[in-house]
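Below is one structure, written out as structure tokens; comments come after it.
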Amino acid sequence: MDKGNLSIVSEFVLLGLCHSWNMQVLFLMIFFILYLIIISGNTVIMILIITDYRLHSPMYFLLANLSFVDMWLSSVTTPKMITDFLRENKTISFRGCMCQILYVHFVGGGEMVLLVVMAYDRFVAICKPLHYLTVMSLQKCTWLVVTSWTIGFVHAMSQMAVIVQLPFCGPREIDSFFCDIPLVIKLACIDSYNLGILMNADSGVLAMTCFILLLISYTYILLTIRQSSKTGASKALSTCTAHITVVVLFFGPCIFIYVWPLSITWVDKFLAVFYSVITPLLNPAIYTLRNKEIKDAMKRFRL
């Protein structure tokens, strides 16, 4: 195909979650409320951890970073989705689409690694408690968080280096509420089947590597808890249960989107909503409802 004769696509059309106006109005109210809860809930956690000296520990430092990442992940896609419920023509510029892809994979990849870092923190705290303060120093925690952001950035840029060079000349409808790599690649004016597999494999390798490391960490942790005293085991198990819940909720949709794609439109949309809206919503709820220190900090903050 002669690329010189191709018209360049300057914008894409997002088909959104549904076509019914009544359903769009309902979704507008639901997701607007959920987004406010995400921002306010994660902001409260960050403020509590920053202002309460009793929470100045490695675990809560990492939790504050997770809250920040969750807010950013949700903000990449949710505001655009909410405003599109009010618009008949749900378009996004080519540059805006590329930015969504970049930030979704930058923040998403960073969160995957950050969850591994949080599992490592719990591993050291439970399996090597006498060395905890030495191993998980503030300098080490900062270095681990920077590493998570760096890996996320490198992952996102490796994807963008390929996507921005693809020719887009004809189809421009994306059957979702935001731009994501598997959907955008299908619109390229080339045979994109093998490229789609390669790009999914790139995301899949990162997701599965992090997931396997998490499984190994929590397996060691649970085996150690079994041998601990009842009092210590109960508290450690409660903390780890919250972490494991967050891991399953975040990695489950990512694995089915990038590792074993189902290619069922409504399922893909549901999974995309889950990891971009529901997971950032549940994280603060899980950590506040199951964490005594956070609840005590909230009581002290109100006084």
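Every residue, even glycine, has its Cβ placed from backbone N, Cα and C.
Here is what TrEMBL says about this protein:
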| type | residues | note |
| --- | --- | --- |
| DOMAIN | 41-287 | domain 'G-protein coupled receptors family 1 profile' |
| TRANSMEM | 25-50 | transmembrane segment |
| TRANSMEM | 62-82 | transmembrane segment |
| TRANSMEM | 102-120 | transmembrane segment |
| TRANSMEM | 141-168 | transmembrane segment |
| TRANSMEM | 205-225 | transmembrane segment |
| TRANSMEM | 237-260 | transmembrane segment |
| TRANSMEM | 272-290 | transmembrane segment |
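Under the criterion of 3 or more C-beta pairs below 8 Å, with sequence separation of 6 or more, the transmembrane segment (25-50) and the transmembrane segment (205-225) do not qualify as touching, having fewer than 3 such pairs. Looking just at the domain 'G-protein coupled receptors family 1 profile' (41-287), the mean pLDDT is 86. Within the same chain, residues 16-17, 28, 31-32, 34-35, 38-39, 42-43, 45-46, 49-50, 92, 100, 103-104, 107-108, 110-111, 114-115, 117-118, 121, 141, 144-145, 177-178, 246, 272, 276-277, 279-281, 283-284, 287 sit at least 6 positions outside the transmembrane segment (62-82) and bring their C-beta atoms closer than 8 Å to a C-beta of that stretch.
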